[in-house]
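Peer 1: Questions regarding the structure given below will be posed in turn.
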Amino acid sequence: MASTSVHPTEQHQPLITSDSDDDEERAYDSDDKVCIAISSSDDEAYSHQDSVPPFSWRKLWRFTGPGFLMCIAFLDPGNLEGDLQAGAIAGCSLLWLLFWATVMGLLIQMLSARLGVATGRHLAELCRDEYPRWARLTLWFMAELALIGADIQEVIGSSIAMRVLSGGLIPLWAGVIITALDCFIFLFLENYGVRKLEAFFGVLIATMAIAFAIMFGEAAPSSEELLYGVLVPQLSSKTIKQAVGVVGCLIMPHNVFLHSALVQSRKININKKGRVREAMNYYTIESSIALFVSFIINVCVTTVFAKGFYGSKEADSIGLENAGQLLQTKYGGRLFPILYIWGIGLLASGQSSTITGTYAGQFIMGGFLNLRLKKWVRAVITRSCAIVPTIIVALCFDTNGSAMDALNEALNVLQSVQIPFALIPLIFLVSKEQIMGSFKIGFLTKVVSWVVVVFLILINGYLLLEFFLAEVKGLLFGSAVCVSLAVYLAFVIYLVLRETSAYTSFRFPLCKT
């Protein structure tokens, strides 16, 4: 088993203190990081103190970026489809759940950011050192599966948007190939620095916000129903599936890995407690703002479809494939056809999420496997893992809407089953003094975090169970599924019990023999 011996973090030192170690994978090279100091004397101030420097708007601006890249996972095509289906089938009654799911997402992402800031390493790197080889390879495989599932949905979403905006001239498979080339946009922007890349994503998020705000204005939903839906919990037996979808779509396994790496794009002296706490404070503010923006955008999409299709005969059949045309039929558009407004917003969502997926894939692969590959090589490998199955999907499901819906449901299940393999290691790592030093989470935060994680696992477990009850048929296939589930549950139990005294007392006798 990999060593978990006490590092210098017991004296509140980082696990890794050098950015120049060529033997270890790094999220960012030292020269690529954004300087946080706002003056030549800023680094000298508080240099020998543990107190946190005073708040600065200029510093907040320099910390702004990672949270907005992170929030794109809350706005990907899979989430937009969950929003529109929730609105069409449940009206505004699930907006309160969307709000609290976003709050839970903020908690998870802040734990991820805390881990990255305090240790100077991201989640995949720490898992590589924390777990034995078989376990870390399994975690890596699961993370890659989740990423591929998310990427297929995101690429398909972009392709649908291109078909909408081209009036049907660009077939789904051609849109997939065009979207596959976005990794070169990513590489081009990354060569010009982290801030240029973050600005590009800021433009895409702004495009989504403007497009869906225009749709909101065209639909003019009731503000009273919206406010009531956010503040008053409502749930019925008819909307349980949509409720599970709202929660399950927001927490993306690859996004937990991504955020812990993104926060390392800033130059932070992790040997000084005051600087680490300062960074955590700014990232908390920045991530909260970013997820508030994502919440507003999701609300706009949900309420537009609630106003137009709640209680209608089309409600049960709406998906990304036909949403634009149904919107056009319902609302038309006073200044600009709402079909194209929807297409622009969906395209921005798909393009931004596919590029961040490529970004996350680099960190996951490099962190777990400690690969010292050039960025373009890792980007091409990561992109290729998803593009081949996505092209197959596009060719098979181009004209079959019901099959596409079944595929989306299967991909949601695929990502749902990966949730424990990101969240359980995260909670254990941020709780360990050997890893976090004085920045480990407190008892109350730990309890709340475990409650959230257990809730998310149960929610996604319900989705998994419902899917298999509906789809699994035949003795042979059913037996294979049962064996797979048994192995899956055994690994989850291992992750949970690994840090307990019971596991330790069981392991040591085995080691002696």
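In case you wondered, yes, glycine gets a Cβ from its N, Cα and C as well.
Owing to the predicted nature of the structure, the values given are computational and were not obtained by experimental measurement.
Okay, so TrEMBL annotates it like this:
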COMPBIAS  1-17  compositional bias 'Polar residues'
REGION    1-29  region 'Disordered'
TRANSMEM  88-113  transmembrane segment
TRANSMEM  134-150  transmembrane segment
TRANSMEM  170-189  transmembrane segment
TRANSMEM  201-220  transmembrane segment
TRANSMEM  240-262  transmembrane segment
TRANSMEM  283-306  transmembrane segment
TRANSMEM  339-360  transmembrane segment
TRANSMEM  380-401  transmembrane segment
TRANSMEM  413-431  transmembrane segment
TRANSMEM  443-463  transmembrane segment
TRANSMEM  475-497  transmembrane segment
Peer 1: Quick check: do the transmembrane segment (88-113) and the transmembrane segment (240-262) share at least 3 Cβ pairs under 8 Å, counting only pairs 6+ apart in sequence?
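Peer 2: Answer yes, regions in contact.
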Peer 1: Determine which residues of the chain contact the transmembrane segment (240-262) at the Cβ level, with the cut-off under 8 Å and only residues 6 or more beyond its ends counted.
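Peer 2: Cβ under 8 Å, 6 or more out: 27, 65-67, 69-70, 73-74, 76, 78-79, 82-83, 85-86, 89-90, 94, 97-98, 101-102, 104-105, 108-109, 112-113, 115-116, 122-124, 142-143, 146-147, 150, 287, 356-357, 359-361, 363-364, 367, 412, 415-416, 418-419, 421-423, 426, 456, 459-460, 462-463, 466.
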Peer 1: Output the single range from 170-189, 201-220, 413-431 maximising the number of Cβ pairs under 8 Å to the transmembrane segment (339-360).
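Peer 2: The stretch with the most contacts is 201-220.
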Peer 1: Are there residues at least 6 beyond the ends of the transmembrane segment (170-189) whose Cβ is under 8 Å from a Cβ of it, and what are they?
Peer 2: 155-156, 158-163, 196-197, 200, 350-351, 354-355, 358-359, 375-376, 379-380, 382-383, 387, 390-391, 394-395, 397-398
